[in-house]
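*Asks:* Okay, these came from TrEMBL:
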type	residues	note
COMPBIAS	899-910	compositional bias 'Basic residues'
COMPBIAS	911-924	compositional bias 'Basic and acidic residues'
COMPBIAS	925-935	compositional bias 'Acidic residues'
COMPBIAS	941-1033	compositional bias 'Basic and acidic residues'
DOMAIN	32-394	domain 'PTHB1 N-terminal'
DOMAIN	469-554	domain 'PTHB1 GAE'
DOMAIN	666-769	domain 'PTHB1 hairpin'
DOMAIN	771-847	domain 'PTHB1 C-terminal helix bundle'
REGION	898-1039	region 'Disordered'
Amino acid sequence: MSPINSFLCERGIVNKTKSYNPSCVWDTESGMSLFKARDWWASVLGEGEEFDQGCLCVGDLDNSGSGYDKIVVGSYMGMLRVFSPQPVKPGEPSPADSQLLEVQLRDPVIQVEVGKFVSCSDLLHLAVLHPRKLSVYSVSGTAGNVEHGAQYQLKLIYEHNLQRTAFNMTYGTFGGVTDHQSLCIQSMDGMLMFFEQESYSFGRFLPGFLLPGPLCYCCRTDTFLTVSSARQLESYRYETLAVATEAETRQDADQLSKSAGKRLMADWTLVLGEQALDLCAPSFSPTSSSIFVCGERNLYCLKDNGQIRFMKKLEYNPSCFLPYASVSEDTTNILLGNHNNMLLVYQDVTLKWAAQLSCSPVAIRLANFPDLRGVVVTLSSEGHLQCSYMGTDPSFFSTPKVDSREQDYAQMDTEMKSLQRVIREATRSQADILPLADAEEDLTVTTTVSNKMDTISKAVISDMEGFPVPSVTVKIKVKSRCSLPGPKLTVCVQPPLAVSQEQFVLEPLGVGSTTVVAFSAFLNGPYPPADLTGDVAVSYCTSTGIPRVAQCQFCLPLRLVCRPSSPSKNAKYKITVDTNNPPVNLCEVFPDFLEQSEDKEGNALGFHFLSGAHVTVLASKTSQRYRIQSESFEDIWLVVKELVQRFDHHFARLGVKDFQNSFAGPIPLAEYFETVDHHFELRVNAEKYQDLLSERAIQFRAIQRRLLTRFKDKTPAPLQNLDTLMEGTYRQVIALADAAEENRACLDQAFARLRSATHLLILLVTLWQGLSTDQKAILEATLLPLLQDTPQLGWEESVDAAVSHLLRTCLSRSPKDQALSLSTAQLSMPKDTARLKKHITLLCDRLGKGGRLSLASEANAPTPVMMPGQPHGVGGCEPIAEAVADLDEPPIQESAAKFIKKKQPSKKVKTKTDKETKVKKESADEAVQELEEMTEQPVTEVKKEKKKESTKEPGKESKKESSKEKKESSKEKKESSKESGKESKKESSKESGKEPKKESSKESSKETLKEPGKENVLRRSSVKVKEKKKEPEAAAGEG
């Protein structure tokens, strides 16, 4: 976020997402503003001195390393001043120690710049341009031993005497050199003089020169930009300037250009039609490529090739301008001052803010100071130096306290005594029941997290997105009941959180001794953590030498990873949480996030994570609902968790016992699966990088062996470009290693976001179905089995195995479908996430239909949650086929055998009519259809070749079985005609009921065990055999 917008947002004036109408606060015709720039520090420099746009610069001139800037001001009277501003109250003079240095130089100061102008040194130095001289100084400070403070000295490093009168200068990494910066000076007669630190390089005359204009260097294209007296913008490449023919005078340059030598030509030109006031080619990021030209009446923005990107017509006379980085992509903010004492903020061509200054600025800069970042530094031509910020002053009004009634100390003393009596009795009874040795541990660990952030942050990363990274102090108290020799303490937090010290070696503890250890926790990555809890483990050995570990947890505050911000109305992802109590004021629930809250009623609250994400909590005024929304699905987790926990504490403090949070659904599985797919894609990329890296390493070693063989050969032979091939392979190995390392960092970040999304999913499912604590723990163990993602065992296969086990046990469709044993198959990375997403969808579906999570074996036989004939559940999910297809045992075959056994013809069948046999056939067909539906999914996964084989082989077997059974039935008819009625019925029922059934069941079980893909075909053939068998039995019964 840009410095100006950050302070506008902190003052509560400018919204980050939507700007107000600037015409409400500024009139372009009258040049008046309702708001004034707030003075933070100001000073008047000398009397009767003159200043211009090149007389001001900012930077860490003394190389303190703190990242804070100093202000350098030079005047035409030769005065050079260095300031380190400190805030003062309005109307009070600035303190004397704000001015670090004031030196009177012999010559007038035309321009000052701060950069790396000394060879073999990475320190910043000060370049001062005089009319006939260029001087480079170093500024150093010496700490004072008395109250006067530090002393600063100006030391001359080197200087160049100029043969021509200088007009202005610019600096940069000319020619693409990155380790140091060179200087280019434009003279009054149009000569560009180039200096590489202590040495003079060359000089070139600009063609068609009459009067000098502003000069700027563009590091992206390595070109110099200037506006000539022909009122056109010209671009010259450094390479073109370096190879052009050198001349001592302009006349010589004109003659050489006509006769011989390389003529200096502009790379491109653009006619402006007006004189330019200043030029700037900022480089905020590699993607930004714009050139800004401030003319007398227009503001131009050009591409690097000279094409106009946009143009703004100004209704006033500008005095200075400064582009700076913007929050929005592909846009740039511009600070523009005019002669009406106005300071305007543009975002491209849109006016965003206007503020009144005390004087007309001729130079403007942005600086960072210890107490404030992004301060606007302006300098007028009379010497008014001002540091200001824009916005409005915050309100310091606080509600006065209400006078409380006097306390009755006698009543309080009586109540205290009664409570002490109750405590004494309770401790006496507990001592009688529980032994004291078993109740107390040898070592007790307690943690205390500070309520406030550290005054001086101990974070490794000082700022993120333009905001400082805070840190919080955590104190650990270790109390020993016996003497312990040197316990060791270890602290562990979830990445990207970090602590200032992870391990401590404590001093030996005596009986009843206490030790307190303190450390700071902070954010150390550009993404939010999945959990704000940390673990503390203290390992020690008892007096008998037995190793023990004492553990404790602590929870870090939400303010550690996010800050308050203004709420946003629109967002991509939205989640609604319901309660059973009237809506509460969010300001009461989140008292530590009220800095940026503009809603006095407490219906909206904004959270801005340091990683850049925004989360908004909206409370309904009429219903008991709260909406949490954000542009990132994973970042909602921490806010939702904090909201639910604070609601529980808030209503518990009010004495509400039946308070409950709930979630009406639907479960956002589509958004969750996006996070899963992103994590899986990075895992696939990691495997690809690993394979490519191994291939290139093998190739590299093979080339090394061949080269070694060539070098060891006594008769020299040509290398045949093996050295070139080796160098190319080496570069590929390095590039692949860098890419793999970058992908690993992205994978760690994606895994943290996946954990956040999974935590959010678990919480929503818990609120949706009202899961108990034990059921929530089972769900967490299922969906979050790993704390760290490794190449050997990843999150996807682990979760898929755990969810599949739940679907086969406690969430199975019927008790018959439950798995009898755990799967022992080796886990491997899947080809895609389709199977995992299907199983997670089924898990939510069955939980929504009344399923309950349990690990007890007795609870694994619930009432059927989803029967085969029922319609699909929520989200159109099909019944899980993997619960049958993946099992090594054949439970479906056993149930099918039982079903067929029930449908076998008995004595009563023979005496019934043909209509009843038809009814039996129809019921058998329906049962077969149900079995086919249950096994439809695994059959479709078998390949076509197996299907063809399964249809051929069982067909032959079914024909043989049917022929045998027909012969047996004919024999039974003959025996039944000879014997008596009862005996014939008994024998026929035994032979026809037991023997065929045993043969068919044995054969079908053997075939299915051999070929699982033929289950469906065998079941159909066995049922058809039994239907054919019914007809002769019915005929025998009639006979």
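Glycine is no exception: its Cβ is also placed from the backbone N, Cα and C atoms.
Curation does not apply to TrEMBL; its annotations are automatic.
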*Asks:* For the domain 'PTHB1 hairpin' (666-769), provide the mean pLDDT of the predicted model.
*Replies:* 91
*Asks:* Summarise the domain 'PTHB1 hairpin' (666-769) as counts of helix, strand and coil residues per DSSP.
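*Replies:* Taking each residue of the domain 'PTHB1 hairpin' (666-769) in turn, the totals are 92 helix, 0 strand, 12 coil.
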*Asks:* Tell me the residue counts in helix, strand and coil for the domain 'PTHB1 GAE' (469-554), as DSSP assigns them.
*Replies:* 0 helix, 51 strand, 35 coil
*Asks:* Could you tell me how many residues in the domain 'PTHB1 C-terminal helix bundle' (771-847) are helical, how many are strand and how many are coil under DSSP?
*Replies:* 42 helix, 0 strand, 35 coil
